[in-house]
Each structure stands twice: as C-alpha cells, then as structure tokens.
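Record features (Swiss-Prot):
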BINDING   21, 23, 25, 27, 32  Ca(2+) 1 binding site
BINDING   130, 132, 134, 136, 141  Ca(2+) 4 binding site
DOMAIN    8-43  domain 'EF-hand 1'
DOMAIN    44-79  domain 'EF-hand 2'
DOMAIN    81-116  domain 'EF-hand 3'
DOMAIN    117-149  domain 'EF-hand 4'
MOD_RES   2  N-acetylalanine
C-alpha cells in the first residue's frame, strides 16, 4: 500500500507525523492524537481516540509508528480520489442532470446539509470552482476542486 506513494508524499507525511508525535519518540499516542484533534477544532472522547489508534495500530502495541501512519495515509488517499465517488457527489449537486451545478443547486444541497449560506457565500463558492467563468460548475471543474491538494 505505502509503496505506491511518491517520495514527495512520503516527505509530506513525515512532516505531518512529526506534528502528531509531540515528544519525538517515533510513535503517536492517544494523548498526542487528542492534542492534534483538539487543535483542529475536534473534541474526541478517550474511547474515540483509542478506536482511531486501534484502526491503524497493526502490531497492537497501542501506538502508531511511522510505517503504520503511512499505510493509513495511503489507504485514505486511495479512498478519496475514487472517480466513482466524485461522479456520485457531482450527481447529488446537479439536481436537473444538465451537467452543470448552478448557484441554486449548490444552495439547495448546502441547505439540506444544514449549511445556511448567504447568496454571496454561494456565489463565492461557485466563483472559486468556476474555471471557465460561465457562472456554473461543470464536471471537470468539480473534479479539479475535489482533487485540489
């Protein structure tokens, strides 16, 4: 799994790993994971942190080492860039199926997700993704937005 990563990606993940590994001992504990999650505005319980560690902790020693971290990141990357998932997400937004996401369609979906956005905010989201400037988002633009690093 991790052997499909580029050297650049591995270097980036090493940097991320170091942010988690506060004491620099080469492993991430539940305490260190909790610190980082809270700094990102999350509020995980001790049990949730333990579950997260257990999911990744291949050797069962209760902490995450760098190879385990790499495997997790490689899995996540494989999962997120799935062409089919992006196509499905596009279909959710493109209510009338015309191949474009309009401001009205975007507002509708965001409202259903519980996000009350102003017209300005919706227009801004469209503008950010709208590469050709036609005022709506086509599939190519949507893919660009979803896969932008």
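Including glycine, each Cβ sits where the backbone N, Cα and C put it.
Overlay of Swiss-Prot annotations on the structure.
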residue : record                : DSSP class
21      : Ca(2+) 1 binding site : coil
27      : Ca(2+) 1 binding site : strand
32      : Ca(2+) 1 binding site : helix
130     : Ca(2+) 4 binding site : coil
136     : Ca(2+) 4 binding site : coil
141     : Ca(2+) 4 binding site : helix
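Long-range C-beta contacts of residue 132 (Ca(2+) 4 binding site), restricted to its own chain and to partners at least six residues apart, with a cutoff below 8 Å, comprise 138, 141.
Distant neighbours of the domain 'EF-hand 4' (117-149): 81, 86-87, 89-90, 93, 99-103, 106-107, 110-111; these residues of the same chain sit at least 6 beyond its ends, with a Cβ under 8 Å from one of its Cβ atoms. Taking residue 27 (Ca(2+) 1 binding site) as the reference point, none of the binding-site residues 130, 134, 136 has a C-alpha atom within 10 Å of its C-alpha. Just so you know, the Cβ of residue 32 (Ca(2+) 1 binding site) picks up 20 other Cβ atoms within 10 Å once every protein chain is counted.
Neighbours of the Ca(2+) 1 site: apart from 21, 23, 25, 27, 32, residues of the same chain with C-beta atoms within 8 angstroms of the site's C-beta centroid are 20, 22, 24, 26, 28, 29, 63. Other residues of the same chain near the Ca(2+) 4 site, with their Cβ within 8 Å of the Cβ centroid of 130, 132, 134, 136, 141, are 100, 126, 129, 131, 133, 135, 137, 138. Residue 136 (Ca(2+) 4 binding site) and residue 32 (Ca(2+) 1 binding site) have their C-alpha atoms 43 Å apart, to the nearest angstrom. Taking all protein chains in view, 20 other C-beta atoms sit within 10 angstroms of the C-beta of residue 141 (Ca(2+) 4 binding site). Looking at residue 134 (Ca(2+) 4 binding site) and residue 21 (Ca(2+) 1 binding site), their Cα atoms lie 46 Å from each other.
In sequence order, 32 make up the list of same-chain residues 6 or more apart from residue 23 (Ca(2+) 1 binding site) whose Cβ falls under 8 Å from its Cβ. Residue 130 (Ca(2+) 4 binding site) sits 39 Å from residue 21 (Ca(2+) 1 binding site), counting Cα to Cα.
Assigned with DSSP, the residues of the domain 'EF-hand 3' (81-116) fall into helix, strand and coil as follows: 21 helix, 2 strand, 13 coil.
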